[in-house]
Amino acid sequence: MAKLLVVDDEANIRLLYSQELSDEGYQVVTAGSALEAVEKLESESFDLAVIDIKLKNESGIELLQRIVKERHTIPVILCTAFSCYKDDFSAWLADGYVVKSSDLQELKDEIARVLAKRQRGAYV
Amino acid sequence: MKAVIMAGGFGTRMQPLTCNIPKPMVPLMNRPIMLHIVELLKKHGITDLVMLLYHQPSVIKNFFRDGADLGVRITYVTPLEDMGTAGAVKCAEKYLDERFLIISGDLLTDFNLQKVIDFHESNKALATITLTSVKDPLQFGVVITDKEKRITQFLEKPGWGEVISDTINTGIYVLEPEIFKFIPEGENFDFSQDLFPLLLKKKSALFGFPVKGYWRDIGNTDSYREAHHDILKGKVGVKVDEPRREMAGVDLRVGVDVRLGEGTVVEGTVVVGDNSQIQGGAEIKDSVIGRNCIIEPGAKLTRAVVWDNVYIKKSAKINDCVICNNVSVGPATVMEEGGVVADDTAIGEESYIKRDVKIWPRKLIEAGSTVTGNLIWGERWKKSLFEGEMIKGLTNIELTPEFVAKLGCAYGTSLPKGSHVLVGRDTTLSSRMLKRSFLGGILSAGVNVRDIRMVSLPVLRYKLRTFGEVGGVHFRQSLEDPATTEIVFLDADGLDFSSAMGKNIERIFYKENFRRAHHMEPGGITELPQVMDFYREGFFRGLDQQLIRGSKAKVVIDFNHSPAGQILPQILNDLGCEVIGLNTYLDEQRGSKTVDEKPNSLQQLAKIVMTLEARAGFWLDPTVEEVVLVDETGRIYQPEEYLALMTTLMLKSGARGAFAVPVSAPSVIEEIAQENGSSVRRTKSMDRAMIEAAISPEVVMAGSMTGRFAFPKFQAAFDGMFTIAKTIELSSATGVPLSRVLKEVPKSSFLQGKVPCVWEKKGGIMRKMSEDSLDKEASFIDGIKVSFGNDWVLVLPDQYQPVIHVVAEAKDARAAQRLLEEYMQKVERWKKELAQ
């Protein structure tokens with residue numbers, strides 16, 4: 001069972017994602033801030049992280065950069081209400097980019113795609 | 001009464017039928033078109049002929065000679081330059097001292113010429129133009145006459161709005177010798193454009209006489225085929241040399257020494273020229289077959305026009321096509337209607353020539369090909385577009401803008417509607433031209449393009465590893481041949497296309513099964529200006545920057561005018577290196593260097609490295625994937641030496657894991673790796689196989705036998721720029737000159753050879769090799785590699801060339817030479833055995 005870290009500053013979103021993704025068969029851990037996410041990443045291992053770009057006063061992209069720089073091997077999907085960050089090259093470090101929607105299918109598909117890619121060994 | 005036959009045209013619109021012969025000599029019912037005209041003139045008592053020649057006159061003269069054999073007298077006149085129709089006739093003025101008739105040498109007609117002459121005489125005309133009515137007068141000169149048949153107006157090639165008559169000028173005129181007063185000497189002067197309007201203006205006796213009957217201007221290949229259809233249907237009577245043979249319900253005309261096999265099915269009107277063989281079981285309907293042809297059993301010809309010396313093999317199907325001289329059509333080939341195959345062409349078995357395709361002379365169509373477009377330049381039509389991950393062809397000859405646009409359309413169709421692809425190119429104008437055509441094709445399929453313009457392949461691959469694009473395409477000029485463009489296709493992860501991906505696009509391309517976007521939904525083009533910054537960031541992250549900065553390395557790099565010259569010097573300067581860049585500027589006109597220039601460039605580079613006392617020199621190929629290393633002593637490294645050196649350097653700097661190398665790489669790599677607790681993963685020599693191996697988490701480096709390296713920590717793709725930086729980093733880590741590191745690499749003798757071998761024998765050679773290796777220790781990853789203790793030999797068929805590679809490695813130079821020679825001789829011997 002793949003273990004996911006969902007980072008979002010909105011509690012309801014964390015709850016929604018947690019329930020929906022658990023129903024999909026994933027083990028889901030949530031974090032409400034970048035700091036909390038870093039703590040969890042240091043103490044537990046994850047197969048994938050789903051990160052919101054706007055985290056109150058913090059930036060999800062900075063969290064993404066930190067994950068990449070510290071050579072974590074976990075793939076990251078950026079999940080945001082804004083499509084404009086697709087053009088920000090810092091965001092290209094991510095493995096996927098999903099624009100938030102009430103229909104979570106796209107996110108689920110993207111998680112499945114990235115995990116399959118990971119299984120093929122595309123991450124070092 | 002004399003007649004002038006106009007036979008000087010180039011026949012440009014009739015190409016490729018007229019590539020080797022002048023238009024009047026193109027066969028119609030196995031006889032030159034012009035011979036039918038001569039027969040017509042003779043029928044009306046005109047036997048004193050002047051032939052006006054210009055293009056390839058000797059072909060016509062050799063055939064007609066003085067005309068005695070045909071019962072006519074021929075005088076030839078060949079103007080030295082193109083004088084126009086009337087101007088050319090002026091050149092024959094001295095032979096035309098009485099009333100004369102002018103007729104074109106490429107007409108098919110059964111007009112009663114006598115009636116025209118009688119009309120001319122009774123009206124005391126200076127000039128009479130023969131007129132006829134046609135359904136579509138737009139492409140001809142329309143002529144208007146009054147009640148007395150005096151011409152009142154000319155309309156040259158009118159639009160439908162201007163058409164006030166369907167009566168046209170047939171190109172058959174009766175003229176009095178006084179006409180020459182109106183034709184200036186030595187000037188380009190045309191009958192319909194200059195002379196007749198002039199006569200009209202001067203109110204001369206210019207008449208038009210309408211004639212009923214058959215008339216066709218054989219001006220293009222469609223008209224040529226239709227002329228045959230009309231003759232075979234009996235719409236016009238022409239003389240056929242081959243005598244009629246009695247056969248119920250069939251109009252069969254058969255020449256001398258013709259063999260019709262038992263079981264041959266003949267329908268409609270069929271003409272077979274002298275010495276041709278129709279073998280049993282062939283089906284021929286409404287067709288004309290020339291001399292010395294062979295048609296094998298099962299072949300099916302319908303409304304076909306076949307010239308001389310043509311070989312149509314078993315079960316070929318030819319429908320309403322023209323096949324010129326010396327052509328062989330492979331078994332089970334299908335030719336759709338409207339096709340033309342010009343002289344000296346060979347079509348391989350089971351080929352498919354699509355409707356209206358014209359193949360020009362001396363072409364080779366590979367077996368199993370589908371030919372969808374006219375094949376004019378170049379020599380071959382390949383059955384598959386892809387060679388591995390790329391499509392390559394002669395720029396603007398094989399890969400033309402229209403071909404590439406279609407290719408873009410096929411590629412776009414293979415992708416989801418609304419998805420994005422990343423596209424880039426090298427520095428050359430040709431790549432830019434073809435890329436732009438390709439983009440049009442992609443957009444038409446409703447797929448969006450992110451155009452990153454002039455960029456090196458490694459940068460394009462790097463961006464592809466992130467989200468956003470479903471694939472990438474890179475245009476570049478070939479190193480081997482600067483006249484060739486290579487289009488490299490990458491998948492969504494930046495990996496080379498697999499053969500299955502290529503096949504998918506080929507299927508769409510050949511079937512022309514394109515998805516055309518709605519007019520409101522074509523794809524759009526956007527740019528990604530930040531790609532370089534993104535690449536640079538990742539590049540820095542992949543290196544030990546502090547180590548490089550501390551070493552203050554001085555290096556010389558030959559950038560070969562590649563896009564890398566725009567980015568790498570800055571990156572290395574930022575890392576504290578002193579870079580002496582050679583050929584860093586981009587020169588779109590000049591294009592990339594060729595392989596031939598490489599040895600000189602390397603010598604030059606080695607000299608500069610020594611003079612400047614640099615730590616190393618690097619020759620970066622224009623694709624920015626391959627690197628040649630020169631050490632501080634000026635020694636130029638062979639690819640296998642560079643591979644062994646990099647493996648050693650990686651291990652010395654503490655890297656542990658697996659090294660991915662091809663089967664053909666020296667076994668010293670294993671020796672070095674095992675000593676340091678690492679392993680080697682042998683792969684096939686194809687780039688994709690190596691890169692797939694590099695993706696595995698335990699692989700720390702993949703190295704080819706061509707000086708290309710991938711470092712998965714940065715990106716699992718061959719990247720020459722990163723290879724240079726990594727070499728500097730690793731040499732800084734060891735702190736010793738490169739030449740000293742090389743000395744530590746265990747020595748062996750590594751030799752490579754090539755044996756030419758046709759495609760059909762490659763499989764047989766490998767079978768013989770595998771039989772030969774039965775009692776030996778052999779591996780079959782790619783080709784067959786046989787080990788003799790530490791020594792080994794590899795026999796490997798080339799993927800794209802008609803060549804078998806033989807590679808040998810041994811501790812002792814003589815042993816390696818012996819192994820190489822032994823196996824090259826074996827391959828030669830097997831080739832001979834397979835030929836028996």
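Numbers run from 1 along the shown chain.
Cβ coordinates come from backbone N, Cα and C, glycine included.
Annotated domain 'Response regulatory' per TrEMBL: A:3-115, in sequence order. Summarised as a single figure, the pLDDT of the domain 'Response regulatory' (A:3-115) averages 90.
The DSSP secondary structure for A:Asp52 (4-aspartylphosphate) is strand. TrEMBL lists A:Asp52 with the feature 4-aspartylphosphate.
Taking a C-beta cut-off of under 8 Å and a sequence gap of six or more, A:Asp52 (4-aspartylphosphate) has these contacts in its own chain: A:Val7, A:Asp8, A:Asp9, A:Glu10, A:Ile13, A:Gly60, A:Leu78, A:Cys79, A:Thr80. In terms of DSSP secondary structure, the domain 'Response regulatory' (A:3-115) contains 53 helix, 28 strand, 32 coil.
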